[in-house]
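Peer 1: Below you will find the structure I want to go over with you.
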Amino acid sequence: MTDTGAAEPDEERAYRGVLGAFPYALRRSDSRLFRSYALVGGLAVLAVTAAFVLALVYLIGGSFGARAGVFTFSRSFYVVVALFVIVPLVAPILLVARRHRRGRGDRRYDRALAASGYLYLLSLYLMLVVSAPAEFRDPAEQYGVLEPAIRSLYALPPAGGLLAPLSAAGVVYLVHRWVR
């Protein structure tokens, strides 16, 4: 039942949690940009989740038999960081699914959130470029026209890599608030 008292079919009303929101939003949206983000973002969520799970398994394996304290904290910190990375990836899809479920679907809203989601994906890549150790960096000369941009990214301090995803996550939130 909705606030107005009219019954809605179960198929239209519910998408059964986070995993059900992906196909629901994909089916309901008229925006091709959003549909592409739902696919790409979903794959990115799977990849990032797998990377964090494998990193956590490696950390637990390396600290097996150690006393509690710093090791317990670092395990918890992995989970918190994973949430801070994954939530902005999933947020555009969940917000669009929620909006369509409430019957207020809008192509403009879907497009704007998809664009902000892609911006967040790009910011994660920039973070990886900035924070990569020097021994894992490709020479900037390989990138031709992009050489000055790559050199400037390499020149940033590794902690500066956090600025891009944090600001892009803020953009996802601001787009949601502004376009709705």
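Placed from the backbone N, Cα and C atoms, the Cβ positions cover glycine too.
Annotated domain 'DUF8056' per TrEMBL: 12-180, in sequence order. Under the heading transmembrane segment, TrEMBL lists 37-61, 76-97, 117-134, 154-175.
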Peer 1: Who are the long-range neighbours of the transmembrane segment (37-61) in its own chain, taking Cβ under 8 Å and residues 6 or more past its ends?
Peer 2: 22, 25-26, 29, 71, 74-75, 78-79, 81-82, 85-86, 89-90, 92-93, 96, 113-114, 117-118, 121, 124
Peer 1: Over the domain 'DUF8056' (12-180), work out the mean pLDDT and round it to an integer.
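Peer 2: Over the domain 'DUF8056' (12-180), the predicted model scores a mean pLDDT of 90.
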